[in-house]
Amino acid sequence: MVALLLFPMLLQLLSPTCAQTQKNITLGSTLAPQGPASSWLSPSGDFAFGFRPVEGNTSFYLIAVWFNKISDKTVVWYAKNTDQDPSIVEVPSDSFLQLTNDGALSLKDRSGQEGWNPQVTGVAYASMRDTGNFVLLGADGTTKWQTFDMPSDTILPTQVIPCNKTRNKSLRARLDIDDYSSGRFLLDVQTDGNLALYLVAVPSGSKYQQYWSTDTTGNGSELVFSETGKVYFALTDGTQINISSDAGIGSMADYFHRATLDPDGVFRQYVYPKKANAGILGGETWTALSMQPQNICHAIVSDVGSGVCGFNSYCTFDGTRNQIASCQCPPWYKFFDEQKKYKGCKQDFQPHSCDLEEATALAQFELRPIYGVDWPLSDYEKYEPIGQDDCGRLCVIECFCAMAVYNQSTSTCWKKKLPLSNGNMADYVQRTVLLKVPSSNSSQFMISTSSNKWKRNRKHWVLGSSLILGTSILVNFALISIFLFGTYCRITTKKNIPLSQASSKSQLPLKTFTYKELEKATAGFHEILGAGASGVVYKGQLEDELKTNIAVKTIHKLQPETEKEFMVEVETIGQTFHKNLVRLLGFCNERAERLLVYEFMTNGPLNRLLFDNSRPHWNTRVHIALGVARGFLYLHDECSKQIIHCDIKPQNILLDDNLVAKISDFGLAKLLLTNQTRTKTGIRGTRGYVAPEWFKNIGISTKVDVYSFGVILLELVCCRRNVELEVVDEEQTIVTYWANDCYRSGRIDLLVEGDDEAIYDIKKVERFVTVALWCLQEDPSMRPNMLKVTQMLDGAVAIPSPPDPCSFISSLP
């Protein structure tokens with residue numbers, strides 16, 4: 001009976017899989033990529049050392065250390081060839097790794113040819129430890145070699161990186177998530193005692209430019225990941241400079257920790273819950289506790305190299321908590337390789353030939369404005385002072401010019417040629433990028449070429465060209481004029497009121513739909529997306545090649561007031577284009593029917609996301625707040641005429657499939673003339689969001705939108721409506737009052753109680769609340785403009801303490 005009980009235990013001890021969990025790995029032990037034993041485990045099984053397949057590649061394996069108990073088996077170390085050749089060791093499937101009887105660790109192929117070894121001898125045994133360190137030891141227990149001394153892109157708790165003597169004591173980012181080749185970023189523990197992040201050349205690793213550092217000096221400094229989960233830079237005088245933090249979310253017993261220099265150049269500290277569904281930050285996934293630098297898109301502006309992203313692309317955040325940098329191509333450009341976006345973008349059209357005459361170039365190319373994006377240091381010529389039309393013309397006619405950048409406030413123009421570098425999307429960018437692309441009459445991005453100045457100049461250029469070329473252009477112009485005149489006649493015969501004034505002011509060509517077209521597109525106005533005072537919004541789909549989803553707003557009960565709202569909406573949004581404004585695709589003005597056709601927003605209005613049972617991530621709310629602010633900045637300061645929205649509320653902020661915020665519903669908007677700062681109008685807007693001056697006999701300005709934005713900003717911070725009658729504490733009924741009380745008492749944390757992400761980022765929470773209180777000042781002159789608001793939200797300027805707002809709250813009758 002005893003023998004029967006012991007027999008299963010004996011089989012288990014002899015099992016090759018179980019044998020790999022022993023503390024010491026003896027001489028003669030062997031691993032094979034596809035054999036019964038492909039890895040050696042640490043005693044707890046938390047870590048493994050051995051052969052790790054590369055996702056999406058079945059031709060070779062890595063020699064690696066990885067987290068063994070989590071689903072994605074995250075790799076924390078991988079073997080490289082030599083210091084002089086830091087390329088990864090690619091292991092064919094027929095190879096084997098052996099701790100040989102003569103005391104060496106050796107990778108060999110089927111023929112016995114050695115492919116890699118760590119260049120040490122006299123090894124008595126090896127150990128895969130629960131710290132994630134794989135160690136080769138001598139008979140006396142001394143360390144001969146260890147992975148902690150040869151870091152790849154990650155450090156683990158208890159790991160220390162001393163002052164750099166050779167390159168492999170630094171961290172080198174991967175080229176991409178699934179590409180373990182040496183990447184474009186380096187974290188260097190320097191001999192001068194400075195810890196610095198560098199942009200580097202691929203594949204050589206030559207340093208380009210430092211983009212973050214501790215600015216410290218002194219031999220003997222070291223980068224430490226303590227056993228308590230704290231990452232810091234230790235100086236010789238005992239000073240500790242915190243690089244990242246454990247954020248107090250739990251003990252080391254509850255979470256796996258790592259700090260990685262990611263492929264986007266950010267050094268992040270991550271945690272992962274050891275038990276399923278035990279993560280405070282939600283889910284079985286790696287969550288970033290902190291990162292350096294805070295904004296990689298803004299951190300790198302390099303004289304050489306492409307910047308964070310590849311050439312001719314630009315960097316933007318993905319809006320998640322981990323703030324992964326995402327690379328995008330500008331319009332009419334495409335990635336060289338969609339799977340390897342770091343390679344950059346190329347023009348998706350035939351480039352401008354230098355053999356073209358000026359008039360031909362003007363006919364073949366046009367400019368498209370892009371807002372909130374910049375490519376610093378790529379300019380080769382500068383003009384000042386100059387108008388925007390002339391700035392654009394000079395780029396269009398020159399074959400070297402890929403884009404022009406214009407600063408309205410200084411009347412400065414920069415011309416840029418390919419390749420473009422250091423591209424980034426930034427809230428503070430106030431310049432307009434004019435991208436040169438092939439001419440298209442149907443372009444929605446086209447800069448108006450109908451200005452009198454541009455027309456006069458074009459006339460002179462055509463007259464100055466050859467007779468044959470001039471004749472060709474005149475013929476084309478005549479044909480286009482006939483087409484436009486015919487279109488105009490067709491439109492005006494179908495309409496009861498003229499829209500020529502609105503459309504002539506618009507820089508964007510709007511499509512005119514028939515009522516039958518929209519009735520068919522909406523399946524008989526079947527699916528309702530929402531309803532308001534003046535009409536209902538339906539979901540539809542166009543019968544184009546892309547089967548474009550649309551939102552169709554119907555204007556009911558056609559009266560002078562609703563007719564006016566329809567005209568205002570067409571005139572206002574029809575002349576705007578910005579990533580944070582909903583795009584008007586067209587309209588129907590047939591007999592008594594008034595319909596507006598918009599791009600469809602997948603995630604609906606903000607109130608649906610914000611006031612649902614599940615709270616959106618803090619970084620998502622930050623991303624939305626910055627987007628709304630950016631949209632208002634465009635309306636107030638960057639349009640040809642200032643636009644006051646007058647009815648901003650969560651229902652009028654829509655979210656696309658990437659949760660990018662877009663301002664909508666311009667039916668109550670007011671246009672200000674160039675010399676106007678205020679306008680008189682009746683009370684507009686929604687209770688709870690309207691500014692105090694609406695109730696006074698004074699003109700209103702863009703500051704009414706600033707006030708409404710302040711209310712929405714607090715709703716985004718607190719994840720609750722401005723007025724909540726069903727609250728336990730009566731002082732919390734009105735969020736504007738409550739936020740002011742919390743700010744004055746130094747208890748901002750109460751506004752985000754239970755929101756661990758926001759609590760961790762409490763300084764930004766305080767900054768946002770402070771900005772909101774400035775926006776809520778009763779005196780409009782005390783409120784900042786939207787340029788100042790975006791700067792304060794972005795942390796670009798200091799924010800003084802706001803005065804205590806007046807007790808007037810527009811949410812009350």
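Cβ from N, Cα, C; glycine included.
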Tell me which of C297, C327 Swiss-Prot records as disulfide-bonded to C309.
C327
Based on what Swiss-Prot says, identify which of N168, N675 is the N-linked glycosylation site one.
N168
Disulfide-wise, see what Swiss-Prot says C413 is paired with, picking from C354, C391, C395, C399.
C391
Can you tell me the mean pLDDT for the domain 'EGF-like' (293-346)?
85
Could you give me three numbers for the domain 'EGF-like' (293-346), the DSSP helix, strand and coil residue counts?
7 helix, 13 strand, 34 coil
Quick check for the class: what is the C-alpha distance, in angstrom and rounded, between C315 (disulfide bond) and D647 (active site, proton acceptor)?
32
C329 (disulfide bond) to C395 (disulfide bond) - Cα separation in whole Å:
20
Rounded inter-Cα distance in Å - C345 (disulfide bond), C413 (disulfide bond):
24
Rounded to the nearest angstrom, how far is the Cα of D647 (active site, proton acceptor) from the Cα of C327 (disulfide bond)?
34
For V537 (ATP binding site), the three-state class that DSSP assigns:
strand
Inter-residue Cα distance where the pair is D647 (active site, proton acceptor) and N242 (N-linked glycosylation site), in Å:
45
Find, for the listed recorded positions C297, C309, C345, C401, L529, the residue with the lowest Cβ contact count at a 10 Å cut-off, counting only other Cβ atoms.
L529
